[in-house]
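Below is one structure; the comments refer to it alone.
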Amino acid sequence: MSSLLVDNIGELVTNGAGEGPLGIRRNAAVLIEEGRVAWVGPAAYAPAADRRVDAGGAAVLPGFVDSHAHLVFAGDRAAEFAARMAGQPYTGGGIRTTVGATRAASDDELRTTVRRLRGEALRQGTTTMEIKSGYGLTVADEARSLRIAAETSAETTFLGAHVVPAEYADRPDDYVGLVCGPMLAAAAPHAKWIDVFCERGAFDVDHARAILACGQAAGLGVRLHANQLGPGPGVLLGVELDAASVDHCTHLSDADVAALAGTAHSDGSGTRTVATLLPGAEFSTRSPYPDARRLLDAGVTVALATDCNPGSSYTSSMPFCVALAVREMRMTPAEAVRAATLGGARALRRDDIGVLTPGARADLVVLEAPSYLHLAYRPGVPLIRQVLLNGVPK
Ligand code: NIG
Ligand code: FE
């Protein structure tokens, strides 16, 4: 069994036992065996190992867990972004433009885009990335989107209910029937999750409930896009269906926050339904940011994710989202880093990632900085020196 010691770590974020909310240990080392963390402790007591990575006093943290990304698409919408920056509102109507380009693309074109974006994210410290379908919206195009996504990630999500495609515009009930029937049957073998864009202009609460319930019956876990563009019933529907995560949460009522807080685990480890905030979307649509403080103060587990997609948030950078969350959403740097690592893991109902404690997957990042604080303090700077994925330096 070959072992690797990451040694001479000035500041180790464990998200487990240690100082403060990030479980920090100083002058630490991490022993990795068989892709897993085997030991964490003071560098002075580090066991011998076959190989050694010298962190040189830098900070080390769990790899980022990006629990919300739409990577299977073709084309871009740079002109739509420019129009928005000149004052046009974001409505989600551009999704159909991307659907047209995606349907026209070959498998290899889609695969190349997924790999390019996954590679971009990896170089910025993302070790787990959820990938949604949702730009195919036919049985064949949703199935191939998920097949291609599954080549790159174990966290794949069927989003056949992203919008009602143009050919079904005047018969949305028929489209819901297609999603719940043949489309789900073709998608489910390649998907772990089901998602619906529950929003005015996309799917109403009855359609969303019907689709998510079909997905659940087919063995998929539930997550949804909720309360992004305005207040609505999405968050309450997510709680009703025991969703792992409700995503966006930009417009929340007191009842929404209370319902999320009511999903708290009895052991104090957070909420069963996570609120995933996607500040890249508010940045790129010039919209008000979600109220992270209100959620955190109510005890709701918060995750940060990129929402990487060609319309509302074309960034693959978790460090950028951390910096936005701190500067624009008043999260402390520690809260933001926790949300980008452990929060994302909770949003995917995973306990083997987002932490650096014995038994966890050895997914970790060595920063080009002495502290995690620099992720928000030095925005836009490439601070990821090295990434280890499953114990393997990338
Ligand atoms: O999460 N809101 C729905 N879906 C994406 C946007 C997709 C698009 O504009 O292409 C989102 O923001
Ligand atoms: Fe999204």
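Heads up, the Cβ atoms here are built off N, Cα and C, so glycines get one too.
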Inset, instruction - For the Zn(2+) site, TrEMBL lists H68, H70, H225; sort out which one of D141, D297, D307, D351 goes with them. - result: D307
Legend entry - Candidate sharing the 4-imidazolone-5-propanoate site with R77, Y135, H162, S312 (per TrEMBL), from Q228, Q386: Q228
Legend entry - Packing count at Q228 (4-imidazolone-5-propanoate binding site) (other Cβ atoms within 10 Å of its Cβ): 26
Legend entry - Sorted by sequence, non-Y135, N309, G311 residues with Cβ within 8 Å of centre, N-formimidoyl-L-glutamate: H70, F73, R77, G94, I95, T98, G134, P310, S312
Inset, instruction - Whole-number Å only: compute the distance from the Cα of R77 (4-imidazolone-5-propanoate binding site) to the Cα of H68 (Fe(3+) binding site). - result: 19
Inset, instruction - List the Cα distance (Å, whole number) between H70 (Fe(3+) binding site) and Y135 (4-imidazolone-5-propanoate binding site). - result: 9
Legend entry - Close-lying binding-site residues around ligand 2 among D307, G311, S312, where CB distance stays under 6 Å: D307
